[in-house]
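Copied over from TrEMBL, here are the features:
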- 12-37: transmembrane segment (TRANSMEM)
- 57-75: transmembrane segment (TRANSMEM)
- 106-127: transmembrane segment (TRANSMEM)
- 139-158: transmembrane segment (TRANSMEM)
- 190-210: transmembrane segment (TRANSMEM)
- 239-257: transmembrane segment (TRANSMEM)
- 323-342: transmembrane segment (TRANSMEM)
Amino acid sequence: MNRVKETLRGLLQPLLAVFIGLLAGAVAILIVGGSVVDTYAEMWKGAFGNFYFFTNTLARSTPIILAGLGVALAFRAGFFNMGAEGQMVLGGLSAALTALYLPGPGWFVCIAAIVAGIIAGGVWSLFAGWLDARFGMNLLITTLLLNYIAIYFGGYMVSYPFKDRTGSAAMAQTPMIDQSVWLPKLFQGMGLHAGFIIAIVAAILIYWFTHKTVTGYEIRMLGSNPSFATYGGVRRIRMMMLSMIISGGLAGLAGAGEVLGTQYRFLDGSLSSASYAWSGIMATLLARSHPLGTAVAAILLAALQTGAMGMERNTDVPLEVGSVIQAVLTLFVSAQIGYSFLKRRKEKKSNATTV
């Protein structure tokens, strides 16, 4: 019974956030002179109206799930990895270059490209963790700043040494990857590829790791009560390095999946402009860092984005209404987290005064 109550209480916050977001979206729709019912109906159709739109939503959710899982693991350990965007970019770039220049059969090169993406994202994230451990640099700020280095580095690599010279000179991109290396499509004529299955398997594995293993228990304990975890023998630096390399590896996998399954080349700005990483962070916050909940929240956010595109096609309401809804979701969840943080801080001060 207690577990049921806990589950219902955990669902209340994201459901309330979604309700408030939709309410804010309704206000925005009325301001631009649209019909709330018709607009939301078109948004639903754009996300789930038929099998084609539904698979598009799932394809859109794939990088969001993987980036969100990486952030969720780091958050569970109590570390704020805000560098998923840069890790995605380096993962996508590494996957593209491996796919283009590594000889061998298609299936082998595809696997090698995925592994290269995971390693690139993991190492970039690990570097931020090392800076924290070695020099005491704030992890949140470091990972944010490393995003810019990764994005500009990726842009340079496809603007000069690895630029596609056969296509448009205006496009900073690599040459097209050979079709034998592409991730297979799950349905003919649809955009959904095998990366979605990888993302779902990753969500299950991360849940198993955090809830069914000793190391996962140590990670959760470190995130919920660092002092008690340290007193119990959990080594903070070791857990930070482990959680950061897995977190970055998942973000790198997200970038590799987009390159091998959707774009078939690395295009400057394509991974950062789509805001997959930030949507992943939003999914993590909505799910309160639960791996399976993060996957569900990522699909809902992807539905909001693809639905907004359908809404703009079929109504006079602009695409930005979807951004308004997502922004309100972010503000609401952030406010909840801030309130919980201040409440815990007040309780700690009260306990210290009592002692």
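Placement of Cβ uses the backbone N, Cα and C atoms for every residue, glycine included.
Listed by sequence, the residues of this chain that lie at least six past the ends of the transmembrane segment (57-75) yet keep a Cβ under 8 A from its Cβ atoms are 47-48, 81-82, 84, 87-88, 121, 125, 190-193, 195-196, 198-200, 202-203, 206, 210, 219, 223, 243-244, 246-251, 253-255, 257-258, 261-262, 271, 274, 276-277, 279-284, 287, 289-291, 294-295, 297-299, 301-303, 305-307.
Recorded stretches compared: 12-37, 106-127, 190-210, 239-257; the one with the most Cβ pairs under 8 Å to the transmembrane segment (323-342) is 12-37. Counting residues 6+ beyond its ends, the transmembrane segment (139-158) has Cβ neighbours under 8 Å at 79-83, 85-87, 89-90, 92-93, 124-125, 127-129, 131-132, 164, 172-174, 240, 266-269, 272 in the same chain. Long-range contacts of the transmembrane segment (239-257) within the same chain, counting only residues at least 6 positions beyond its ends with a Cβ under 8 Å from a Cβ of the stretch, are 62-67, 69-71, 73-74, 76-77, 79, 81, 83-85, 87-95, 113-114, 116-126, 128-130, 132-133, 139, 183, 193, 195, 198-199, 202, 206, 215, 218-219, 222, 271, 276-277, 280.
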